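**Student:** Here it is, the structure in full.
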Amino acid sequence: GTIHLFRKPQRSLVGKLTHEFRLVAADRRSWKILLFGAINLICIGFLLMWCSSTNSIALTAYTYLTIFDLFSLVTCLISYWVMMKKPSPVYSFGFERFEVLAVFASTVLAQLGALFILKESAERFLEQPEIHTGRLLVGTFVALFFNLFTMLSIRNKPFAYVSEAASTSWLQEHVADLSRSICGIIPGLSSIFLPRMNPFVLIDIAGALALCITYMLIEINNYFAVDTASAIAIALMTFGTMYPMSVYSGKVLLQTTPPHVIGQLDKLLREVSTLDGVLEVRNEHFWTLGFGTLAGSVHVRIRRDANEQMVLAHVTNRLYTLVSTLTVQIFKDDWIRPTLSSVPIANNILNLSDHHIIPMPPLKAAENLNPVTSTPAKPSSPPPEFSFNTPGKNVSPVVLLNTQTRPYGLGFNHGSAPYSSVLNQGFGIPGMGATQGFRTGFTNVPSRYGTNTRGQPRP
């Protein structure tokens, strides 16, 4: 094969990931996230061992929230990596959709873990094992402390935006109703509980509360089934909290237009259509590129005498307030008006040539034609009852003769003419042997219409 001396060696997938990780690790802001990630892995290891020793599925469901925290830390690293990368020819809009994909994958994996807990809980209802509470309460407080410390210490931009932009979960709605009642009694708590709590902090507190109730009921009454019930409750809370975020990030990946900006976009497009020189705004398409970033493209048709750069500047100025990444295509009006001339037209402009041959349809085979009716004859059909002397389709091409100059050059005689001359031009009986036919020129057609002798009867 061909030897490329100066060709750069292609890196493997592991090499590319290592290079990008070094790029992120070079930033001091990512050191804190890497430290929390290492501590998270240690906590997950201890919690999984305690889940196995206590045989508690509720503690396992709560441990999955710690695993979700690890996914959120990875998403935060991806967000820092996106800010470092610049648009490339392959990714012309940048790398913002990577953090959207990371949020979507993290929330979907959390929901899959919740479904796994529900499946295991359904099996435990049939045969409930014994629960050991030795490290149940310890594992609960360790997981709660680490989850809250991680959520409150690190500013996770993607998840912070999604938690505010996505619709509220059923857990948030119920807590908001309860918070209004509490804030009505103690107004000072309105800054904490209202307008709505952080969904991640809320699910951590609710899960820890369910585990504390489980611990007390098992210690008092040895009611082991409450562990399975707590696991189902934590799984439902996890699924209900992550589902709105998955829907929101999924719509961003599908390049849909956010519902809350549709009215503003319509208003801006109406303002653009009223600008000077703009005739039409069409093929508009706007979509969410990333979290808080809106992209769009629009075609603007302008007048032929309008200034393209001026119209482009005005359109961009109007739409840039809402659409950060905008593509505007300006094209002038292509409708051509017919030119009206006041100069008289010469006589020979519209003159046709002196001889015009009118092509006739191709003749069919002679054996398929009936000599009497000039129609295709079927071998099995009887002869027609009536026969007419019609030319049919076997008429030779007709030649139009234009021997004299006529006004406007279209072959029409203008002015008054005697009745006899009209008959001689072809308005009389067909086949009269006129010297010149009118329009069609059927002058000497064979005796299909009749004879050439006046008064002789037709066959």
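Glycine residues also receive a Cβ, built from the backbone N, Cα and C atoms like all the rest.
In TrEMBL, annotation is done automatically, which means it is predicted and not curated.
Okay, these came from TrEMBL:
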- 31-50: transmembrane segment (TRANSMEM)
- 34-254: domain 'Cation efflux protein transmembrane' (DOMAIN)
- 62-83: transmembrane segment (TRANSMEM)
- 95-116: transmembrane segment (TRANSMEM)
- 136-154: transmembrane segment (TRANSMEM)
- 200-218: transmembrane segment (TRANSMEM)
- 224-243: transmembrane segment (TRANSMEM)
- 370-391: region 'Disordered' (REGION)
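A description of the local structural setting of each listed feature is requested, covering burial, neighbours and distances.
**Tutor:** Same-chain residues lying 6+ beyond the ends of the transmembrane segment (62-83) with a Cβ under 8 Å from its Cβ atoms: 20, 23-24, 27, 29-30, 33-34, 36-37, 40-41, 43-44, 47-48, 51, 94-96, 98-99, 102-103, 105-106, 109-110, 113-114, 117, 139-140, 143, 146-147, 150-151, 154, 156-159, 203-204, 207-208, 211, 234, 238.
Counting only same-chain residues 6+ beyond the ends of the transmembrane segment (95-116), those with a CB under 8 A from a CB of the stretch are 61, 64-65, 67-68, 71-72, 74-75, 78-79, 81-82, 85, 87, 158-159, 162, 235-236, 238-239, 242-243, 245-246, 249-250, 252-253, 289-291, 293.
Distant neighbours of the transmembrane segment (136-154): 32-33, 36, 39-40, 43, 46-47, 50-51, 54, 56, 59, 62-63, 65-66, 69, 72-73, 76, 198, 200-201, 204-205, 207-208, 211-212, 214-215, 218; these residues of the same chain sit at least 6 beyond its ends, with a Cβ under 8 Å from one of its Cβ atoms.
Remote same-chain residues near the transmembrane segment (200-218) are listed as 56, 58-59, 61-62, 65, 131, 133, 136-137, 140-141, 143-144, 147-148, 151-152, 159, 163, 171-172, 175, 224, 226-227, 230, 233-234, 237-238, 241 (criterion: CB distance under 8 Å, separation of at least six residues from the stretch ends).
Sequence-remote contacts of a segment are chain residues at least 6 beyond its ends whose Cβ falls under 8 Å from one of its Cβ atoms, and for the transmembrane segment (224-243) they are 56-58, 60-62, 64-65, 107-108, 110-111, 113-115, 117-118, 120-121, 124-125, 128-131, 169-172, 199-200, 202-203, 206-207, 210-211, 213-214, 217-218.
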